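Now, the feature entries from Swiss-Prot:
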DOMAIN    21-242  domain 'ABC transporter'
BINDING   Gly53, Arg54, Ser55, Gly56, Cys57, Gly58, Lys59, Ser60  ATP binding site
Amino acid sequence: MNAHNAALGGTPQRLKRGIPLALRGVARRFGEREVLKDIDLLVPAGQFVAIVGRSGCGKSTLLRLLAGLDQPSRGELLAGSAALAEAREDTRLMFQDSRLLPWKRVIDNVGLGLRGDWRAKALQALRAVGLAERANEWPAALSGGQKQRVALARALIHEPRLLLLDEPLGALDALTRIEMQQLIEGLWREHGFTVLLVTHDVSEAVAVADRVILIEDGEIGLDLPVELPRPRSRGSARLAALEAEVLNRVLAQPELPPQPEPVSPLPTQLRWAL
């Protein structure tokens with residue numbers, strides 16, 4: 001079964017707004033170490049893909065390449081038949097750190113970098129993540145989970161077609177993490193954007209994604225479709241079996257030293273507004 005057909009079981013049955021991605025021979029080298037090794041990957045429009053692997057395997061490096069925060073040493077990154085760089089305005093990125101500006105109120109963080117009459121749109125984005133009533137508060141008054149909801153609203157206001165998630169839930173408690181997973185999944189089903197989620201949490205990957213990709217020492221070691229109906233029952237035997245399959249592969253790999261994060265080509269404020 002090809003990757004496109006494998007996605008159909010979980011991808012929302014509606015007109016896809018997401019960006020289709022194609023990576024062709026993508027590699028990234030830091031000095032003598034090749035972190036990514038000729039990655040070939042096709043992601044259909046509107047698919048939810050989770051990327052897992054041990055620390056240092058290259059998964060966050062891959063996400064930075066897709067976000068345009070770094071450049072490949074070789075290979076092509078495509079959005080459909082065009083260069084992915086041409087779709088930057090349709091791409092948004094969330095980090096583990098919410099990166100809210102503490103001197104700006106919640107609604108102003110959501111509208112960061114926008115011009116014109118954006119406040120109604122920002123309030124709508126906050127309403128979508130359940131925080132409309134906190135619009136005029138300061139970030140310091142919010143919990144960690146609420147700050148990540150604001151970061152998600154900041155991405156949603158741009159109506160992204162590609163949402164890149166770099167372990168955005170890693171610092172949250174277990175219950176808040178599940179609530180955020182359900183929120184992200186619900187918004188994905190509603191809006192149809194393409195999602196790539198980097199996570200250390202295998203159970204999270206299997207619970208929310210159409211497809212789980214394991215990076216092993218810079219290469220795709222496993223590309224596993226998750227063909228389960230939504231919403232998924234976290235206690236199901238099938239979900240547990242898929243989780244065990246991926247986890248056993250992850251644990252069989254050694255942990256590698258982390259890669260240095262390259263200097264972003266984007267101004268700091270624009271990175272935070274991603």
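Positions of Cβ are set from backbone N, Cα and C atoms, glycine also.
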Notebook entry, point to check: On a count of neighbouring CB atoms within 10 A, which of the binding-site residues Arg54, Lys59 is highest?
Noted result: Lys59
Next item on the list: Provide the number of Cβ atoms within 10 Å of the Cβ of Gly58 (ATP binding site), excluding the reference atom itself.
Entry: 25
Check: Least buried of the binding-site residues Gly53, Ser55, Ser60, going by other Cβ atoms within 10 Å?
Finding: Ser55
Check: Any idea what DSSP makes of Ser60 (ATP binding site), helix, strand or coil?
Finding: helix
Notebook entry, point to check: Other than its own, how many Cβ atoms are within 10 Å of the Cβ belonging to Gly56 (ATP binding site)?
Noted result: 20
